[in-house]
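K.L.:
Below: one structure in structure tokens.
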């Protein structure tokens, strides 16, 4: 490999004409980044190498993609692109001053890369220095920068634009508005009503609705009202603005932002955030002492949330000296700002051998066949993440202390343990209204989102998500006629209800609740938390018990009747994911978390939950569809609110749940759940439900209401729902055609017709053959059924994800995994041997099947 001398100063100086002549053949391939171009100069597209890495980072001068030393040749061979900008960050020893020590600290003018600065830069003896070169392949000619006089103008402009470009993951926001706020014109003369209003330190609620977040205190009359959604990213009904329009009271302060240093104040009249120089006086009018306030999510002070701290301490194993773990499989992940839900799920996913084989085992093939922009390919990003977590390259133990000084004198090679999943998060959350934000999310919802993407992007013949898929048999019985109906659906998670009534420490709970209420009334510190202790057997029993079917229509009676439903496993998955349904809604419809301790078993046997099908003596309900009732006012169409709330408890947006139930014809939460999985990527997923007038249905709403299209094809909405359950497209179309587009009957038709007639075109047949290549995992229901891996129902626990906090919208997630015979805690970047794994406080549990 030929390497030219660096063209910098003295002997190695090359004439300007020579440099220009050298670059002439490559000028058509060199681009200047324009507005909207994403420049990846901080991270390799195939690995987690960066300018901090030993080999630095090569940025393509045409596509602006970054590549580490291990992958640059692959890009050159694939694209023929020859000119790259090589970026490298060094940590060098500072030049000693006259007194022998290092020169005083000052802003380092040698830094020009848009990279994060580690704590090493605060050292008195060392500093960072950035270096940039142009590299021409395949001979690796290097031209050091800056070389303004020698380089052609286009090249100089392109290099300067690339070096000054912001990271594609950093929000392009103006400087923080706190530095530019102006004092409100109303602050000095604000009139405050002497109405005796006093604001408590907690328990706030909008006076016009039930919202308890994004609340604003009007500084004139003390009204507490909700804000608008667009103002700070939180949900709201705009009652604070309505109050201003009604009263003209101009200033409001956001509750939860009040500290001794100030608060967030908004002027409705001036329509912008403002400063209130008299904020302390204005707050004192309503009994608020700024000096005693601290910022929290819900406005509670330290002594108010003290009981909840114990959960954080227990789950994160605080107070115990934990031994850090290094090497393959022990790599941490940086928290990008409320991204711990992603970190916890991906650590668990890549501890499963099938996912390791699918992505890391196929890594060379995935990378070689990735598109020209690998940052936009799901399988490439999964393989990159898997390799980053499992290779050990980014999890190395610190150097021995006696070698550090010797190494630093030459050149420090910083240890950058852990990976930053920015590129992965940017791609996997693209277009999703929740995951693309920086707000906290539900780990269970993200797990299903990930499985949906895995399903849609198969890796060869094996789909690793098959290990989670199982069939659920639902037995519905008409209580009056005693006739039954058996249906099947696909699922990936076993959701266990929390049997609060089975708590073994009820007396302690009652005593604690009395003390808590007394403390709140007297505004005293709350007593030490008493957590409900629930036997796992009670939760399993609650799962297996029959449940009432709301608004059940009996085909035997041709009328509505009472009905009950029981669920059993028609197949057992290779890996069983168990979710404890800790998140629910109170009587006031406010989301809350059940803080419980459940004795989750290390070994689990659910063989007794195996489905048995139609039993001797049972009579099936007639296969008759309920009559279609068209209301006079389509906007008055009933939506099954119980199904909506079941879905909302899983963490999905409320409006999305309403749409799912509506578009699936009130067929129940399970069918609506599959609609959600199929439509999570749509930009209007969480937008409010808009029911079209019947005059519009023929043109735009027919598919949503189940009408047959002009081409005699079933509605695409229903086809997508069935496909999301693991069935092939041609089977979904055939089943819907055979049942007049009745979704529930179409599913029954699929399971009762193991060998459907082939009506698809040759192209579809080819796709189906590729999708069904892994025939050994197909269900016994036939070659076109959902891919499942049935086996014994005996399992062993190997991991769990825990949540700390009061809601899925806040808090923190960590993951515990059993590896090499011991438990390990994954707390973002921190990976340590676990001393006391809190298995009783988990939220999502991962079990693997015990071989028979």
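Backbone N, Cα and C define each Cβ position, glycine as well.
Checked TrEMBL, it gives:
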DOMAIN    182-290  domain 'UBP-type'
BINDING   206, 209, 226, 239  Zn(2+) binding site
DOMAIN    331-850  domain 'USP'
ACT_SITE  340  active site, nucleophile
DOMAIN    638-679  domain 'UBA'
DOMAIN    713-753  domain 'UBA'
ACT_SITE  812  active site, proton acceptor
K.L.:
Which residue among the recorded positions 206, 226, 340 has the fewest other Cβ atoms within 10 Å of its Cβ, if you could check?
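P.N.:
Each of the recorded positions 206, 226, 340 was scored by Cβ atoms within 10 Å; lowest is 206.
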K.L.:
To the nearest whole angstrom, state the Cα distance for the pair residue 206 (Zn(2+) binding site) and residue 812 (active site, proton acceptor).
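P.N.:
Just about 26 Å between their Cα atoms.
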K.L.:
Once near-sequence residues are set aside, which residues in the chain of residue 239 (Zn(2+) binding site), 6 or more away, have Cβ atoms under 8 Å from its Cβ?
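P.N.:
Spatial neighbours, sequence-distant, of residue 239 (Zn(2+) binding site): 206, 207, 208, 209, 225, 226.
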K.L.:
Using DSSP, break the domain 'UBP-type' (182-290) down into helix, strand and coil residues and give each count.
P.N.:
20 helix, 21 strand, 68 coil
K.L.:
Which one of these recorded positions has the most other Cβ atoms within 10 Å of its own Cβ: 209, 812?
P.N.:
812
K.L.:
Quick one: Cα separation, residue 340 (active site, nucleophile) versus the residue listed as 'active site, proton acceptor', in Å?
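P.N.:
Their Cα atoms are separated by 6 Å.
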K.L.:
Other residues with Cβ within 8 Å of the Cβ centroid of 206, 209, 226, 239 at the Zn(2+) site?
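P.N.:
Same chain, not in 206, 209, 226, 239, Cβ within 8 Å: 207, 208, 210, 211, 215, 225, 236, 237, 238, 240.
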K.L.:
For the domain 'UBA' (638-679), jot down how many residues DSSP puts in helix, in strand and in coil.
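P.N.:
Helix, strand and coil residues of the domain 'UBA' (638-679) number 30 helix, 0 strand, 12 coil.
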